[in-house]
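What follows is a short report on a single structure.
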Amino acid sequence: MTDVRDEPLVLGIETSCDETGVGIVRGTTLLADAVASSVDEHARFGGVVPEVASRAHLEAMVPTIDRALKEAGVSARDLDGIAVTAGPGLAGALLVGVSAAKAYAYALGKPLYGVNHLASHICVDQLEHGALPEPTMALLVSGGHSSLLLSTDITSDVRPLGATIDDAAGEAFDKIARVLNLGFPGGPVIDRYAREGDPEAIAFPRGLTGPRDPAYDFSFSGLKTSVARWIEAKRAAGEEVPVRDVSASFQEAVVDVLTRKAVRACKDEGVDHLMIGGGVAANSRLRALAQERCETAGIRLRVPRPKLCTDNGAMVAALGAEMVARGRPASSWDLSADSSLPVTDPHVPGTEHSHDHVHEVSKENLYS
Ligand code: KG4
Ligand code: ZN
């Protein structure tokens, strides 16, 4: 049995959207998860403003790294590697993280690992429930993505089965919350109102669930329009909008489709583990319905706690540690941010071949 101290100690940096996340893990053990969010700065715009996010990352980066190191009680010199989200995400925001990771890795003489944001959302569950079974089906639902992915090796083989053809699931929550004047982000507040509403009060449409529709793709724009029209009609008639019932019925339409398609994918592919990640995985009804449907289908459900579902640095560190543990090559210094990095590339090596110069740098440690 391996001593836990032999497991790789990795720091992970995540800046793909509006969270500056820095996490530190040892193997599959979480040591620190520091997050600085610029969400309040975007609230008045009703969505994330890329330039505002980039500037906020720049300001938060060094203090967040220091906070994570302190929280973990480790020295930067003891790290076995530095992992960073290379994509997908907002180009300018990613660039801040990649540049910081390169600077720290170079100065400390540590290997650099560029990793995929979506694969990190899956890998983070190792910090909560231990080693990820292979294969695992993953339903990733957030403000930026809604995908069904089949992972047979989280460091090298993640296959996309389906994705949204229009809005992401979280985006639909945010837009409906805006129509209901509930503020941004919309998911948590709709979740709260829905608990007191009737999910069957209004029959909203389930997108792409017809017999000829693609089995694993999602669509939320028709649902969004239907809910907005329903609300407008109530207002035009001078009637009060039943916020709780609208929230519950809208939420039910989203989570019904998500869980139905995820369970179907597991059955079709013969996979008996489903993980759900991304910000929308924090949704209480999604968790409950997924649990119910997985139990009926004999599928083991794994959902990390909400703080690990939203964007964070721990997930990047978790995937980085897995890269080190499986002997994946470090990335070269020309690693670049790729805003549309496909999920089929969990590991981003860069284009130069040699990473040997890391060892030369380590002799004269530039970071004290
Ligand atoms: O993963 P995340 O923090 O950032 C992105 O990568 O997008 O996800 C944020 C999204 C937002 O759209 C937010 O409204 C949604 O996740 N969200 C929720 C809940 N908590 C956050 N959606 C539904 N129910 C929730 N409880
Ligand atoms: Zn994300």
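The backbone N, Cα and C atoms fix where each Cβ goes, and this holds for glycine too.
Going by what TrEMBL states, the substrate site holds L140, V141, S142, G143, G144, D174, G187, D191, and the candidate of N116, N283 recorded there is N283. The Fe cation site in TrEMBL is built from H117, H121 plus one of D272, D311, D334, namely D311. Between the binding-site residues G144, G187, the minimum number of other C-beta atoms within 10 Å of a residue's C-beta occurs at G144.
You'll find the Cα of D311 (Fe cation binding site) roughly 12 Å from the Cα of L140 (substrate binding site).
Ranked by how many other Cβ atoms sit within 10 Å of their Cβ, the binding-site residues H117, H121 place H117 at the bottom. When other Cβ atoms within 10 Å of the Cβ of N283 (substrate binding site) are tallied across all protein chains shown, the result is 27. Residue pair G187 (substrate binding site) / H121 (Fe cation binding site) shows a Cα separation of 18 Å. In this view, D311 (Fe cation binding site) is surrounded by 26 other Cβ atoms within 10 Å of its Cβ, with every protein chain counted. If you measure from the Cα atom of L140 (substrate binding site) to that of H117 (Fe cation binding site), you get 11 Å.
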